Amino acid sequence: MASGPPAANTGLAESIVRFLLGSPKCAALVTDTFQKLKRHLRDFNVNSAAVLQDFLEDNPQIFSLYAYGGLTFVSVATTLTLCPEHCKLSGSCRHRRCAGLHLCKFFLLSGQCRHGNRCLFGHDLKIPHNLQLLREHGLDNLTITDLRAVFTIPSNRHGVLRPQVCRYYNVEMGCKKGRNCHSLHVCRRYVDGDCKFGKSCKRNHNITNDTQVDTLLTMYGVSMQRTPKEILEELLPRQRYPSASRQRKRTQSGSQGNGQPLKKKEEICVYNLMDKCKFNPCMRIHSRERYEWRFTAWSEDGENATWRSLSHDSNVTLERDFCQPDICECRVEDVNGSNMQVNFKTFKALNSADGLVYKVKRLSMSSDQEPRGRSGNSQRAAMATVWRWYWRTKDQSWHEFGLERNGVTRLPVTSEQLERHFLENCDIPCNVAQYVLNFNKMRLRDAQTGQNFKVRRRPQFTQQTPLDNPPSAHNSHAPTQDETARVASSATSWKSTKLNNSSKEFQEVKRKFVQTVGRAASIISIHKLENGQLRAAYEQ
């Protein structure tokens, strides 16, 4: 198999961009893109759709991949936007190295600026500052018409490029600017999809036939030849189909693998593993192991999907391979004995018996770097998932962050540090020496050379499950606070502690008690009742 093209091949990227700009909505299937450009792509050593997709993934600053209906699409992407300081009334920016274009947003998005050449914000793309930024983002060879097509793609509307709902219009006093306001006079709740008043709402729900809204959206380059629902989707790009890379990330650690911290409902219940869960129903998933792989038919979606488990052996085999950052596919047997080829990139499985494609997801315990897990005292932390972070070097080998291996330069950040940063806010890039790690795109970018490296987040393999080696009874409940004595009996798991009259805790409880019943009450003593198991259930 031929090796893929270099990540920064300008000619190849420009050819694909121009093809996409001529496609509806500036997007196309990856397979169609390969077929249409096959002859040209061979000049760049791109001999298959898979190699093309690798190239697209290696250039997230230019291309965006997203999945819909089991198919992978590609569209033109950019993180470039307008300078918010320049877009204020002053029309100026004080930053010496500004990362945003100094340009009128209405000129860029639609060419319908009302002020023409007198516009304070400027209509010149060729000033040195703008040219430099366009060149850095691979957009310098595009015409203004092409740029308008790129920047009006919903996922490329960053910051001031996105129409905003007027906050003053949505309060009792209303907006004093009236039709001259540059924010939409429309019901905020209606745009969010949760207005409880419906047609009786006193605020505007009309997207297509209101003069102020229609005029402003047109100036923002929003096509009005669509239904209100389609227009609202553009105003709320978070509701559009997720990117293919982000969809894979959601799946790799439960529903929220690399992209977002794990959702509670997709987390395995640690107390059920210890046969101590008291909730019915429980907000977490009850499983017999601390990690579990499940699959469902591609046609099923949402809460109605029926997710089926694999056998214990297949579950362990999948987990073992998934923990290796260099492995992208694994073959296992389903419960009926049919072979399933699971792809860790797409999180799809091909069944050899019926030829159908299935969706796959992984469920697991919470991360060991979550705030409670870092305490190191709770049983939940002892069973938590340990995540490792890897990056792929120029020789296509994978190395864990913070470790030196085979002479490869050690990056000054550990898996534990990256995991904490990822859990706290995965939308904020992490700076690692001269590198910038983008969690959403899972790319490590060298700020000096512009080269991108793939990043993967994989769990540390655990062969034994909690049921194979159940925890001892005296560790099954959460610990008390430092100043409180430990629970004496694991059978009762509770204890009454008399507070010292001179302690701060006694005085605080006394103060609150007096506030409630009055100073006429006489306090003889205060006792604190503790139940470690209930505390653990509450923290769950």
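Quick reminder: no glycine exception, Cβ is built from N, Cα and C everywhere.
Looking up the ranges 163-185, 186-208, 209-231, 324-346 in TrEMBL, the one annotated as zinc finger turns out to be 186-208.
Record note: among 55-78, 103-126, 271-294, 415-438, 103-126 is the stretch given as zinc finger by TrEMBL. Mean pLDDT for the domain 'C3H1-type' (186-208) in the predicted structure: 87.
The domain 'WWE' (278-362) makes contact with the domain 'WWE' (375-457): 3 or more of their CB pairs lie within 8 A, with pairs spaced 6 or more apart in sequence.
Nonlocal intrachain contacts for the zinc finger (186-208), taken as residues 6+ away from its ends with a CB within less than 8 angstroms of a stretch CB, comprise 165-167, 169-170, 214, 217, 224, 228, 231-232, 235-236.
Helix, strand and coil residue tallies for the domain 'WWE' (375-457), in that order: 15 helix, 29 strand, 39 coil [DSSP].
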